[in-house]
Amino acid sequence: MDGNRVEIDGGIMEGGGQILRVSTALSCLLGLPLRVRRIRAGRSQPGLRPQHLSGLEMIRDLCDGKLNGGEIGSTEITFTPGKIKGGTHIADTKTAGSVCLLMQVAMPCVLFAASPSELHLKGGTNAEMAPQIDYTVMVFKPIIEKFNFTFNCDIKRRGYYPQGGGEVVVQMSPVKELSPINLTERGTVTKIYGRAFVAGALPIKLAKDMSAAAVRCIRREIRDLYINIQPVREPDDQAVGTGSGIIIVAETSTGCLLAGSSLGKRGKNADKVGIEAAEMLLQNLKHGGTVDDSLQDQLIIFMALAKGVSRVKSGPITLHTQTAIHFAEQLTKAKFTVTKSEEEDPGNDTYIIECQGMGMINSNL
């Protein structure tokens, strides 16, 4: 069997967990045996962390596959996929590892299962170096559903660094195939909204301060728009631990959603958290693309699987996106091109990501 394993170098380009997520999801979907070496070689703590391992174990279980090298710290795995099945699947990082990253690896797979799936994902809902669950629900979900599928995401409990303890339940039904997307028209910003949250031992005043600071920052650039960032205190029975953060979303006349977010931490002033998120949003609005930096790379695997040509206009291409494209092309027959967008406004730094998708068909349906 080892003769035809696809060899993946997990240390090139972005050199992080994303390489593992993209390549194991595609291995599972395409029935390709895989070997990944030098896992997360680009990180200060190389090898599998709890979050990556629980993602791999979930993928193994949902397709009755075989996984070798699956332990914390391992820098090489081999994975032999079986047949994707629906039903209930549980992944628990037992840490504050991101539930959103678990969702990223499992979602493309269960779309091509034989029956509906329910994913119980446990860990951190609002974690550093990963999309916050609020981003997943407010931005990722409405845009990704343009590929012509829907999913339900129920936040049962929020969990924060360091102990995690959050739980999210994702329900989705399989599809025959994915439709391509065309996101090339930004339109104008019509509203800005969001939520500033505190949980655990923190007072609601901090959420109000984050929100107010964010609004002040945005107001300097955008004067005439209604901005509604709700301060929220998460109910004690729906949150584990102490945490705070903010997400701000801009919606455009063509239905684009772009966001900025930030997390609070000990010793970090609430105003600074709000301003960080506002500046990230303004940065994402400035380039003129239809997607923000966080969504850019998350679209790649779906574009690769879809049937037909997808086109997305983005700001500067992130290393995460370049990495996702590299491995999607290595494993599928999808073909990507990235071209500088011919803008009326020479100040805009925008690109068109175009993909001739492989047209994955769900043979179970």
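Just so you know, glycine gets a Cβ as well, placed from its N, Cα and C.
The structure displayed is predicted, hence computed values, not measured ones.
The active site, tele-AMP-histidine intermediate annotation in TrEMBL covers HIS320. The ATP binding site annotation in TrEMBL covers GLN104. Taken from TrEMBL, the feature domain 'RNA 3'-terminal phosphate cyclase' applies to 13-338. Per TrEMBL, the feature domain 'RNA 3'-terminal phosphate cyclase insert' maps to 184-286.
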Key: Rounded distance in angstrom between the Cα atoms of the residue listed as 'ATP binding site' and the residue listed as 'active site, tele-AMP-histidine intermediate'   = 14
Request  = Give the residue counts of the domain 'RNA 3'-terminal phosphate cyclase insert' (184-286) per reduced DSSP state, in the order helix, strand, coil.
outcome  = 38 helix, 37 strand, 28 coil
Key: Other CB atoms within 10 A, centred on HIS320 (active site, tele-AMP-histidine intermediate)   = 20
Inquiry  = Need one number: mean pLDDT over the domain 'RNA 3'-terminal phosphate cyclase insert' (184-286).
reply    = 97
